[in-house]
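Reading through the structure tokens given below for one structure.
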């Protein structure tokens, strides 16, 4: 029996596992007596490591068992009657590190068995697994030309008869293996080897692949039947996706609420269970003190990267799955924390029979020895699978040599890399992955593995663990959950948990909520004052419609932000779906519950102000009906925007769709076009529109029972007609009144003006429309639930590379593989020739950094840090996660923009100059890369703008190619960087390499690197460290934070700055040959001796107490202050500050520092070219704008089809142009996300002094203009002539010209809003506040004469006013009005007057007033009054003049220039992101 089998069997009996532990280990050694001496030492080291873990964690439990079971330790009853369980209480009298994890898990197992629980012993077996992916040539970068090339290819007759078979390649090729329950399988391989794909395939996430061949079984259950148990085999990706505004407690407690099982211990309440597990997780990962800290992300301050990784792992553990697939889960963790994490998994696997499959980059020997088996992949092919103790010797026997102090995992992955491996003399080794695979399949270990797999599968057939597994799964589910459901808790419980979480998210981002309500409170008085105290006259009837219509628009515009919010949580939803935490529909119901009180408050805040300021009916019932209707309408609109987000892959497409819907719904509300005047082909849309039913309900509610008086405005009008004898012969100036009546009712106004059927009951009409509004809400809820369950726009962690057309490399080609290896070797060898790095001396002394944590309290993050870097030196910055390494780098690199920094930093003995950020490179931990560019384009952009101007462009590009080759990215040069959320682009580790490349190609003089090897495999890390070592040798000083350095990597560094938690120095000084100087310092303070085979980096972290279980009796910061090394450092630092000027100056141009390497003109050209390329490669954004303009143009044109010369058509012309105005206003919402996204990338570039802020501000305005020009022209051609606005060429040209200028203005206005706001949510709250002044005060919703005097200045300053005046007068100038019968105001003449004209003579020609229009005879005594003779009379009543057209054009042009100034100003003010 081998060591792995013993390890597994040890988990079957609690007592035997503990009492016989040493016997098992002895057996392990006996079983390997036939191995080589080196192999024996390896196994012994593995056993020693494991025993250390076991002894450390189970001492208390062993003692207790010996005393309790001394009579019969092998009696199973004693196993059941183990000591009572106790909950771990972190911080409760003992430190977190004292918690005995194995004790807890074993006791939990005993308790579960005692209460009838079953162990979920589910191993996994996979045979002949081949995963087929889409060939690289099948995915090309999309741009604006893509639709045309596609259309041309389809029109080519030759292509009709070709059967093009899409190219594919094997991501995995014929891979077999297994992992028994209670075992741990380590998957190793270089990037692109298929490690992640293997883990995804095992966890049944195969939707991204073309095909999957072979079989995967889980404890005897095949993959097809496993879907309903998907939560029992989870895939944990390497990236961390969490809601940044939630705290650690809120994040984990939510997961626990969704995964709380029903079969808990007797009398154990859910709250107790969750508290116990929560405390356990905090103790396991040493996060007790961070429980109330926000998780954060790259934009929200919170946990450190390593701490965030721990939360990701803890969240996955909450799922309590049987099989766990961890993909590079130690990324961002320091070596001690990574080892603690691996130990925890080992203990869980042993005690709870968890099956663990993990892929680690840069795993140490300590971690490696905790695993049972290892599977090594190279280019998708298995080159080894078997016990971890035999892997190293297998490759040594093959002919490879392992360097001293090189970890086994590094050696195993390095043998496949010609640049890293070393071949023993006299041996011939495989060259390609296919040759490695062939050698493996011919080995004896392969035959043994196949035999063992067959035996394991037979054992599964006999034992049938799936029976106990299914029974346990069933018992874990709540009573409200069906047996076939993969979810643990019921739908109702999920909704409650999600609702609480949603409120916590909102509370965590209080600023957005406050800005939302502030927006309401600012806008409500403005709306109220515009329609203040409306009278019960004809004008009051019309303005009531405008007031109610504006109330609808206000709440609809606030719903715009729901679209962007929908996209922020997609990846988190996808992750939780794979964990089976909750149904997507539950998330939507929780969002509904959450938004109801928020929207109720929003509507009441708005209505309580506007309703009574409007002067609407003061009846209490009518007020509450008004609020109730608006609440239902806003809920429906919110869900409509959310539906658009769930149905579309990007925010730009969703925004375009909603802009089209918004304009059409607004148009067919009945306010702009009355229902009875809508064209037949669009009449149906009135009934598919929540806007229209809300408007009908609100209008019916207000006008019910109202009576409008029109004595003063009756027709004919004048003193002559004031005699009571003429009263029967006058009529109200509206079609709603009967001839001879000087009043009209609200119900009749609605019937005549809008064509609505109010009878038989107005109350029934109101109730019917309110029900329809809420019906829309319910309909959208159902649609969202269906869409969320069916459509998934995320990639599930899978990335698909896309290349420039014709640039895709060959996949898994042996010759191509060999050629790539040769290029890397040549680039590495030749790199030294091109390196010449004049560096400088950089010193820092007494550095303190503190941040405010509430009130006047400051938290100290860096405490008296000092040191230096000299030319030619590599300094490692190390410490446990959260010790302040990144913070220190930010401070030294002058990246901090918040908090207080104290201390002295000098360059060559002088204060830092303005060019410091430019001449220093800073590789940040977060990879902020523009997704629309390729890797080569990104690196070239950095080289062009940051390289010295004296270096030719050809030399810069040549250096870029060398960096690409050295970093093994030559084949990725033309690959799109892409976006992880959509799964299109390069992988996480490839992004890291690109981020490093961006800094390296600039040839910085000082280099700061924050975790440059985090998430990279050993070979990539080795290449990068070796490369920056060459940089140091060439004269560059650099500081590099590093979490998990191997012994080989650590030896490349000259000095180390070691930090303890709290930002205090533990050690700063030389490392020494073989780290002797460093280790001797710690040994002098009582730490054990570091062996020659031990990793010094792990040794010093262990010594200073890093990690969860780390302990140290020495106060290392204090010991450092009292050490002679510290005194020597202080003295040398003083000398360096004095003699620093003797170091070579790093400035050029006669020593004058330059903030930027290139001129402002050159920067502007390059930035514009890059932005233009981004826009060109954003067809979703650009074509979305074009399609939006075409659809809106067509709908607008056919809605106002072939307008005639009637008086009503004069109104329709006005509203046609008003819709044109609204198109421009909605365009502002479209440009916001794109601008804010690009501004985030600009801030990263600006921090490194790529370019000045002015080129970005100007370029991002100019780059939009051609696309806006095309969009506006499309709209013009689709709507102008269709609507019947055709006139002479000059009129048409002026219409197009001022329309283009207005769109330019709108884009600039939207960008100015984006520039001043910190995020998209705030921008979407602010924008409605500002656009209210545009559409509300333009003279359409409220005619100029009725605008309150206080707001007249807004009307005159409003650019929309001048735009509408110019457009309307331009269109109506030469139109003669011919009234139809329906247009006429009908009245009866007295019989004493012979004609209608005689009766109306005083009215039309009176000396005291001038009246436009004309009177017609309708036969007999019936007369009709036409309001206007021509278009000029129509717009002159608004105070507009045709002569003001070009003045309006100039005013809009002036506003456009003002917007440019504002964009430039706000970009300048916000150019530095908060750090």
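Positions of Cβ are set from backbone N, Cα and C atoms, glycine also.
Features as listed in Swiss-Prot:
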{"type": "REGION", "residues": "1-40", "note": "region 'Disordered'"}
{"type": "COMPBIAS", "residues": "1-10", "note": "compositional bias 'Basic and acidic residues'"}
{"type": "COILED", "residues": "25-67", "note": "coiled coil"}
{"type": "REGION", "residues": "75-94", "note": "region 'Disordered'"}
{"type": "DOMAIN", "residues": "155-404", "note": "domain 'ABC transporter 1'"}
{"type": "DOMAIN", "residues": "507-753", "note": "domain 'ABC transmembrane type-2 1'"}
{"type": "TRANSMEM", "residues": "596-616", "note": "transmembrane segment"}
{"type": "TRANSMEM", "residues": "623-641", "note": "transmembrane segment"}
{"type": "TRANSMEM", "residues": "653-673", "note": "transmembrane segment"}
{"type": "TRANSMEM", "residues": "680-699", "note": "transmembrane segment"}
{"type": "TRANSMEM", "residues": "770-790", "note": "transmembrane segment"}
{"type": "DOMAIN", "residues": "842-1087", "note": "domain 'ABC transporter 2'"}
{"type": "BINDING", "residues": "879, 880, 881, 882, 883, 884, 885, 886", "note": "ATP binding site"}
{"type": "DOMAIN", "residues": "1180-1404", "note": "domain 'ABC transmembrane type-2 2'"}
{"type": "TRANSMEM", "residues": "1180-1200", "note": "transmembrane segment"}
{"type": "TRANSMEM", "residues": "1216-1236", "note": "transmembrane segment"}
{"type": "TRANSMEM", "residues": "1256-1276", "note": "transmembrane segment"}
{"type": "TRANSMEM", "residues": "1293-1313", "note": "transmembrane segment"}
{"type": "TRANSMEM", "residues": "1323-1343", "note": "transmembrane segment"}
{"type": "TRANSMEM", "residues": "1449-1469", "note": "transmembrane segment"}
Local confidence of the coiled coil (25-67) - pLDDT mean:
41
Applying the rule Cβ within 8 Å of the centroid of the Cβ atoms of 879, 880, 881, 882, 883, 884, 885, 886, what extra residues of the same chain belong around the ATP site?
304, 306, 334, 887, 1059, 1061
Intrachain residues whose Cβ lies under 8 Å of the transmembrane segment (1256-1276), provided they are six or more past its termini:
1164, 1167-1168, 1171-1172, 1175, 1182, 1185-1186, 1188-1190, 1192-1193, 1196, 1220, 1223, 1227, 1231, 1235, 1238-1239, 1242, 1245-1246, 1295-1296, 1299-1300, 1303-1304, 1307-1308, 1311, 1315, 1460, 1463-1464, 1467-1468
List, by number or range, the same-chain residues at least 6 past the transmembrane segment (1449-1469) whose CB is under 8 A from its CB atoms?
1239, 1242, 1253-1254, 1256-1258, 1260-1261, 1297-1298, 1301-1302, 1304-1305, 1308-1309, 1311-1312, 1315-1316, 1359, 1362-1363, 1366
Look at each of the binding-site residues, 881, 882, 886, and point out the one with the fewest other Cβ atoms around it within 10 Å.
886
Are there any residues in the same chain, six or more apart in sequence, whose C-beta is under 8 angstroms from the C-beta of residue 884 (ATP binding site), and if so which?
861, 862, 1059, 1061, 1062, 1063
Which residues, given as numbers and ranges, are at least 6 beyond the ends of the transmembrane segment (1323-1343) yet have a Cβ under 8 Å from it?
512, 515-516, 518-519, 522-523, 526-527, 530-531, 543, 546, 549-550, 553-554, 557-558, 560-561, 564, 1214-1215, 1218, 1221-1222, 1225, 1228-1229, 1232, 1236, 1309-1310, 1313-1314, 1316-1317, 1351, 1354-1355, 1358-1361, 1363-1365, 1437-1438, 1440
Within 10 angstroms of the C-beta of residue 883 (ATP binding site), what count of other C-beta atoms is obtained when all protein chains are considered?
27
Helix, strand or coil by DSSP: which one applies to residue 883 (ATP binding site)?
coil
Protein Cβ atoms within 10 Å of residue 880 (ATP binding site), excluding its own:
26
